[in-house]
Amino acid sequence: MTTTDLKPILVFDSGIGGLTVLREARVLMPERHFIYVADDAGFPYGGWEEGALKERVIALFGDLLREHDPEICIIACNTAFTLVGADLRAAYPQMTFVGTVPAIKPAAERTRSGLVSVLATPGTVKRAYTRDLIQSFASQCHVRLVGSENLARMAEAYIRGEKLEDEIVLAEIAPCFVEMDGRKTDIVVLACTHYPFMENVFRRLAPWPVDWLDPAEAIARRARSLVPLPNGFEPLNGEDPAIFTSGKPDFATRRLMQGFGLTVRSA
């Protein structure tokens, strides 16, 4: 089997935050083509009513799987996967879905102070899935859940080159920093794939140094473990497609996609 015969990997997000995962996945799976799908017509997911979002994502994947027949699907969105992951697997049992969930377990293993914060969207914060992760893996820690209404949009603007005021960003991340009994938060879980693009800004504005935990590499490793590696291959050249459900990404977004080796196609 040649690399041209291999099925592509589909990476899905509500916007362009999933590019953080795509970047890592390409490093580990150089023999594969990728399809990046941004449901920008539904962005942001954090404020959606749960039933409506489930229906939207499940229906969208019906179309995507029929058209592209991928090897696996990476759901590079905490909000989507914590809500719809089980339903996607039930609706499409023939497909393998690799999910993105808040990196609470590794945070609990690494913290020295026992104070961990999870910076997420409101949707991820309120999910029972997230609270179950805390109960299962971080019950010995004090975990602060911080649901930002604005950071995903701000990250999209930042990635496109727009300037953000420091005080506005600081207001979003400030609740992550907790002092208790002489201890301080030492790990912040970035529980939205958009947020790692702003990690340098977060580091600069943070009241004190913390470990910002980005799950992208772990997601890519999990995907690699599920994708068969052919014997003898050469890394692929050429651009992969990016699909935006709105059908009309702006110029800055198209330019960004080119920087990631992606060519925008109509949905």
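Numbers run from 1 along the shown chain.
Each Cβ is built from the backbone N, Cα and C atoms, and glycine gets one as well.
Now, the feature entries from Swiss-Prot:
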type     : residues                                 : note
BINDING  : D13, S14, Y45, G46, N78, T79, T193, H194 : substrate binding site
ACT_SITE : C77                                      : active site, proton donor/acceptor
ACT_SITE : C192                                     : active site, proton donor/acceptor
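Taking the centroid of the Cβ atoms of D13, S14, Y45, G46, N78, T79, T193, H194 as the substrate site, the other same-chain residues with Cβ within 8 Å of it are G15, G17, P44, C77, A80, T121, T124, A152, C192. Less than 8 angstroms from the CB of C192 (active site, proton donor/acceptor) sit G17, C77, N78, T79, L119, A120, T121, T124, L151, A152, A155, each of them six or more residues away in the same chain. Taking the Cβ of S14 (substrate binding site) as reference, residues of its chain lying under 8 Å away and at least six apart in sequence are, in sequence order, A38, D39, D40, G42, F43, P44, Y45, C77, T79, A80, A152. Close to G46 (substrate binding site) in the fold, though at least 6 residues off in sequence, lie T79, T121, P122, G123, T124, G147, E149, A152, each with a CB less than 8 Å from its CB. For the binding-site residues N78, T79, T193, the greatest number of Cβ atoms within 10 Å around a candidate Cβ is found at N78.
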